[in-house]
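The ATP binding site annotation in Swiss-Prot covers Cys7, Ser8, Gly9, Gly10, Leu11, Asp12, Ser13, Val14, Ser15, Leu16, Ala17, and the record cites sequence analysis as its basis. Positions annotated as Zn(2+) binding site by Swiss-Prot: Cys185, Cys193, Cys196, Cys199.
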Amino acid sequence: MKTLVICSGGLDSVSLAHKMAAEHELTGLLSFDYGQRHKKELDFAQACAKRLGVPHQIIDIRTIGASLTGSALTDDVDVPDGHYAEETMKVTVVPNRNAIMLVIAFGVAAAQKADAVALAVHGGDHFIYPDCRPGFIEAFQTMQKHALDGYADVKLLAPYVHATKADIVADGAKYRTPFEATWSCYKGADRHCGRCGTCVERREAFHLAGIDDPTSYEDADFWRATTQKRNA
């Protein structure tokens with residue numbers, strides 16, 4: 001099945017790209033520049049495409065992102081420290097981000113005669129991000145069947161939607177994902193901060209999967225305290 005992967009350059013989507021390359025016919029990686037402060041992630045997506053020998057396209061939607069105000073990922077708002085399961089992390093929501101990206105990706109896939117679009121949403125995202133939940137994935141697929149009716153039949157693949165990030169790490173290891181060549185941190189500095197929600201989740205995922213984390217963190221121990229606090 002000819003598959004186009006939406007790839008941010010993060011651990012989840014790069015692992016997904018390696019999985020799709022092994023299980024399907026990977027036709028390319030599609031990334032989005034929406035004005036995110038951690039734009040350096042796109043360099044890791046480019047490196048992934050080169051490694052897998054497929055085209056990489058970056059869609060510039062910064063003018064759209066500029067209208068989706070109030071998120072710590074795009075605006076001058078501090079990225080909070082802590083676990084994703086905390087209410088404070090809702091400031092990292094970019095309204096309809098996945099929906100917007102998927103609409104564009106399905107159009108690109110249809111134009112390129114691809115059979116599927118793959119997205120790396122997972123169970124750990126459900127608490128914070130509405131457009132990462134199973135209900136959204138199912139509804140979006142239904143909508144696209146109507147939107148492309150008579151023109152193309154493009155499937156939405158979300159193999160991790162019921163999985164944990166630890167499951168993704170295990171799957172990534174299975175498909176030899178070079179984890180050191182992925183970027184997660186929302187703060188976009190030279191090193192992973194180790195304190196933002198995505199850094200904490202990343203570090204915890206490696207621990208739970210029993211796989212060594214090759215990532216260099218500014219604060220390598222913060223995740224323990226915040227996960228213990230969450231589980232207390």
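Just so it is clear, glycine is given a Cβ too, placed from its N, Cα and C backbone atoms.
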At the level of the C-alpha atoms, what whole-angstrom distance separates Leu11 (ATP binding site) and Cys185 (Zn(2+) binding site)?
10
Tell me, if you would, which residue among Cys185, Cys193, Cys196 (binding-site residues) has the fewest other CB atoms within 10 Å in the structure shown?
Cys193
Can you tell me which of the binding-site residues Cys7, Gly9, Ser13, Ser15, Ala17 is spatially closest to Cys193 (Zn(2+) binding site)? Compare CA atoms only.
Gly9
What is the number of other Cβ atoms found within 10 Å of the Cβ of Ser13 (ATP binding site)?
26
Local backbone state of Ser13 (ATP binding site), from DSSP in three classes:
helix
Rounded to the nearest Å, what's the C-alpha distance separating Gly9 (ATP binding site) and Cys185 (Zn(2+) binding site)? Just drop the number here, would you?
11
Work through the binding-site residues one by one (Cys185, Cys196, Cys199) and name whichever has its CA nearest to the CA of Cys7 (ATP binding site).
Cys185
Reduced DSSP assignment, Cys196 (Zn(2+) binding site):
strand
Out of the binding-site residues Leu11, Ala17, the residue with the smallest number of other Cβ atoms within 10 Å is Leu11
Using C-alpha atoms only, work out the spacing between Cys196 (Zn(2+) binding site) and Ser13 (ATP binding site) and round it to an integer in Å.
19
Lowest local Cβ density among Cys7, Cys199, which the record lists as binding-site residues, within 10 Å
Cys199
Within 8 Å of the Cβ centroid of the ATP site residues Cys7, Ser8, Gly9, Gly10, Leu11, Asp12, Ser13, Val14, Ser15, Leu16, Ala17, which other residues of the same chain have their Cβ?
Ala45, Cys48, Ala120, Thr182
